[in-house]
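Copied over from Swiss-Prot:
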| type | residues | note |
| --- | --- | --- |
| COMPBIAS | 49-65 | compositional bias 'Polar residues' |
| COMPBIAS | 66-75 | compositional bias 'Low complexity' |
| COMPBIAS | 94-107 | compositional bias 'Basic and acidic residues' |
| COMPBIAS | 134-151 | compositional bias 'Polar residues' |
| COMPBIAS | 163-172 | compositional bias 'Basic and acidic residues' |
| COMPBIAS | 173-198 | compositional bias 'Basic residues' |
| COMPBIAS | 580-601 | compositional bias 'Polar residues' |
| COMPBIAS | 618-643 | compositional bias 'Polar residues' |
| COMPBIAS | 649-666 | compositional bias 'Low complexity' |
| CARBOHYD | Asn381 | N-linked glycosylation site |
| CARBOHYD | Asn421 | N-linked glycosylation site |
| CARBOHYD | Asn443 | N-linked glycosylation site |
| CARBOHYD | Asn640 | N-linked glycosylation site |
| CARBOHYD | Asn787 | N-linked glycosylation site |
| CARBOHYD | Asn1035 | N-linked glycosylation site |
| REGION | 1-205 | region 'Disordered' |
| REGION | 572-671 | region 'Disordered' |
| TRANSMEM | 246-266 | transmembrane segment |
| TRANSMEM | 516-536 | transmembrane segment |
| TRANSMEM | 1060-1080 | transmembrane segment |
| TRANSMEM | 1094-1114 | transmembrane segment |
| TRANSMEM | 1118-1138 | transmembrane segment |
Amino acid sequence: MSLPERPGGSPVYEHRNVYRNSPSRRPRPNDIETGFQSVPRAGHERGKSVSSYAETISNPHANTETLPLSPTHPTASPPPHSPDQPFTRKRSLIRPERNRIDKDHRNYHYHKHAANMETMPSSTGNDPILENVDVSTEPSGGSQTHGSFADSSPPRHHRSRKMSGDDQEKGNTRVKSRPRRSKSGKITKETRHRKSRKNPATAEQIRPPSAWNVYCAIVTFWCPDFMLKCCGKPTKAQRRAWREKMGLISIILVIMAIVGFLTFGFTATVCSAPPERLRVNKVTGGYMIFHGVAYDLSTSHHPPAEGIPLRQDGTGANVLFDLPEKHSGQDGSFLFQNVNGHCKGLINKAPGSDVPTNSDNELAWYFPCTTFNQDGSSRPNFTNPYYLGYACHTSANARNAFYVGLKGAADVYFTWDDIRNSSRNLVVYSGSVLDLNLLNWFNESEISVPDRFKVLRDQDSAVNKAIRGRDVTRMFQSPGDKQVAQCLEEITRVGFVDTETVGCIASKVVLYCALILILSVVGTRFVLALIFQWFISRKYAASKTSQSSDRRKRAKQIEDWSEDIYRAPARLPGDVGSSAMGSSDRTSKRGSSFLPTTSRFSAVYGSDRPTGARRLPTTMSSQGPASALLNPNSIYRQGNDSRASFLRPDPYSSAASPSDGPGPAGFIHDSVVPQPPSDWMPFGFPLAHTMCLVTAYSEGEEGIRTTLDSIAMTDYPNSHKAIVVICDGIIKGKGEAVSTPDVCLGMMKDHATPPDMVESFSYVAVASGSKRHNMAKVYCGFYDYGNKSRIPVEKQQRVPMMLIVKCGTPDEADKAKPGNRGKRDSQIILMSFLQKVMFDERMTELEYEMFNGLWKVTGISPDYYEIVLMVDADTKVFPDSLTHMVSAMVKDPEIMGLCGETKIANKRDSWVTAIQVFEYFISHHLAKSFESVFGGVTCLPGCFCMYRIKAPKGGQNYWVPILANPDVVEHYSENVVETLHEKNLYLLGEDRYLTTLMLRTFPKRKQVFVPQAVCKTTVPDKFMVLLSQRRRWINSTVHNLMELILVRDLCGTFCFSMQFVVFVELVGTLVLPAAIAFTFYVVITSIIHSPPQIIPLVLLALILGLPGLLILVTAHSWSYVVWMLIYLVSLPIWNFVLPTYAFWKFDDFSWGDTRKTAGDKVKKGGIEYQGEFDSSKITMKRWAEFEREKRARSAYFGSRENVVGAPGGWAVPPSHAQTDGYYSDA
């Protein structure tokens, strides 16, 4: 077997053996396509350094132009195929790992970064299979000065690798190209030219208007630009935002109209008011029934006849009330018989009959001309009161008066229960109810009837039993039977079956489907929220912390603690996990490391087969040697006193190493918190290094002190947490004596560099125009609790702290807010830094200082950090919250983000704070608990959340970036924000948009809510401040839900999916004002009119009552019942006032009254473009290049006397040749 070779040292893939391209060859584990690589064999190459930087092997193609990161560059795409080259393997539509990665792919930027990373040498003698990647590529296009040095570094053993398609994360993202950089680390003029072409003013002239802009122009055609200029919209961006706002409002109004139509208008439209109908046996008063129709005869007058005299007023008598025999409510069908129709030929005159006939042998009547009861209780009566044919109304005048002069008032209907009544002999034919007992009224001495009638009326016959109480329409379809049925319909119809129109049936179907859907969503959310609270959430929590293990007692302590923002917890962290030194072996959970866990026959990359023993979760510390985490002064260290031994390939070598000098390894702070062994588990799970990011803007000393105290006093070990504070500009809060950066700097001690010697460094900010260039200072040290601290001295813990102050360029030193670029820019500073560290990419001078500074005060490389906690500067964290959050992250590697519960500390300050208490409660314990079941929490609040920087993937030592993923960083750092949608995402709801971006990039990973993690904060106590805050939150919610609804890969399918839940939530948010108006309308109409609308009232009771039930079954404080009642009273504010104001302020991108500063003037953000970005002021190089130049500027590396706590000194400065290996290693 040949020696291992570097990928660039052998022919390209297409020139090698054709067998590797053959379909008959099965993929091997060491192929790049499979996502795995072999571990280099010992003895053929230099041993791997345990430093936190990648080994670099010299590049034989050092002069080859590197592949730029920018996907728009022509050399970024693979070279076209030439005829003299062998055909390469075609891409398949079936295998997902071979899908085309274009600009619309969710992992586009990640693939670009991964493609530019060098690979480790192969131990099999075969080169890794690389597709569409130049052989000689340099990651991030690093500069190659000092020709003898090779700066192309392969990824470390724990760096992210390009995985197979099945392992790649999925999601759809919008792509933004990265600028191309020159070899010197500067952004080229071509980039500036491309930037100028992206100027909104010129872009709008070239780019054709989109369908959305055309729609907005049509909606607002009535308001031309000159009118908007007169109304305070002078700039084009403001006018465009206003038109887009009106377009959105028009769509919201249409949705409200649709919901209103479905609620009230749909039934009235498709099921209009039917004609009046009267149920059988309910026809009374002035009605009389004829052939199934009730006629109103209460005001009728019958002409004089036998037995019907004139009244005293000379008018005819009323046949219902004036005669001795009352006929009100009776059936008079025999008085106006339907003869000689379909019955002609079936019913004939009997021999010797007195029934009159005409020349066509048509009979004058069939039945005796009398009335009968509508309930069918009358018996046949064949007597004639006065003369033959009395009351038969056979004259033309009489029949015209009835058939033409009278109009039916209502149909008489039978329900199917009435038809199945055993005392009646009823059947249904073509919707008409026929009474077969009326066939018994035939006087067979006068009339001859067919035998079929006799069989049908006989209740003892088999035929009658088969059809009685049923619909016989289908049974009487033959020609002979159809005539019989039609004849029966003419002479025996007593009413109609109870039916509804198709429209009424459709309206009921829609109503009940909507009811079932809403009840299902509401009920499912409630049940799944309970399941999460009772069962799922408990597996995320730490088994033990410094607080009480009794859940009820702990809940009571939290409620008492949250009553006041400055109230201390019931128990301060003590022995458990306070530091690496603070726990005894009895409280630690350590496993034995004496016996080996692998052998030479073990799989290199691990096995996916389940084992009998439960494997511990994977962390950075657990994958590497424990000694790699230790600093020179660690009590766990034995032997070598210099960290340089960890940077050398051979720790026992006697050769000098350049890292023994004053580099990052040379002046680690003497007070650094020692690192414990990797198997030390004080809480029952492996520890993971965590950054605690605190973003500050204009907060005062009291607010910041509260936050930092709570973070520093969490019971999570100080060896595994570091506080990172980023101040967004030199800003002084309203009523404060000093600026916020000065306040934060005063809370530090034991600085690695004296504060007065700290310089400002440049970086690329998230802004437009000249503000893209910003400068910041990096202060590193330890947290200082202060002389007046409420925390006892013996409880104060030593926590490393790094302060980043955005001070701005010298040009803006005299402006109101120098350095201010927004909270998103502060987050991007850290996220971009983490990306550069993980991929070993070129970084700015600021990031280089952050790297070294963090290493100084923590004693470990920044790429050991796996998790970042994000906290606002006015939030206080419960002591064991950080432990519970890290526990969830470590126990479930699929979790990429989580949040805890935020409680209100000023509940009783005013009615404004009182109405927010239950709203906060229900948003966490109902909404977020439900979403956590599916791992899709749609909003991780920026005041208290945690994200995973990178996650273990696949086999041993493989990690994929999560928060540090290039796709997340690229999209979150978008600085060209033009549309109303983008401005609401990036300028108002950046915290929520980060959550959306994570779900969109990694739809198969989880974002959950950890109820055991609790923080408290103060909420607005004035209505105008609340109005301004909720304006931002509601508008951000709408636009983020619009983004999430397009993500198809979320959990579930169709109506049983998170995508459908997001759709329902979006529609529910948009129609909130209409919904509360409809609710009041239903309640008022139900009180005034009768009968009440039962279904809407029941639905309303369920929606409003289930949250109260949630309080009871989850055993929360009974005080929340009172807060719920206050919330219900304030529903018009939550559902009408706040959403309506927010929708009307869609084009307002300012933060309003939420954050006040000294001399602040509220402006609408996101609409100014000031100056031009000069990229030449920003230098970007890899860490090794920065470090080389820094050391080259010194005549020698310095003496050990200059290093804090370092014994001994340098006798002779090391030669330049001795540093070559180190630089390539770094």
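Glycine too: its Cβ is placed from the backbone N, Cα and C atoms.
Location within the structure of each feature annotated in Swiss-Prot.
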residue: Asn381; record: N-linked glycosylation site; Cβ contacts under 8 Å, 6 or more apart: Pro368, Thr370
residue: Asn421; record: N-linked glycosylation site; Cβ contacts under 8 Å, 6 or more apart: Gly469
residue: Asn443; record: N-linked glycosylation site; Cβ contacts under 8 Å, 6 or more apart: Phe367, Pro368, Phe382
residue: Asn787; record: N-linked glycosylation site; Cβ contacts under 8 Å, 6 or more apart: none
residue: Asn1035; record: N-linked glycosylation site; Cβ contacts under 8 Å, 6 or more apart: Asn984, Leu988, Gly989, Ala1142, Phe1143, Lys1145, Phe1146
Which sequence positions outside the transmembrane segment (516-536), separated from its termini by at least 6 residues, show Cβ-Cβ distances below 8 Å to it? 925-927, 929-930, 932-933, 1009, 1011, 1055, 1061, 1064, 1099, 1102-1103, 1106, 1109-1110, 1113-1114
Where does Asn1035 (N-linked glycosylation site) sit by DSSP, helix, strand or coil? helix
With a Cβ cut-off under 8 Å, give me the same-chain residues at least six positions beyond the ends of the transmembrane segment (1094-1114) that come close to it. 511, 515, 518-519, 522-523, 526, 529-530, 533, 918, 921-922, 925-926, 1079, 1082-1083, 1086, 1120-1121, 1124, 1128
When DSSP states are folded down to helix, strand and coil, where does Asn443 (N-linked glycosylation site) land? coil
Which three-state DSSP class does Asn421 (N-linked glycosylation site) fall into? coil
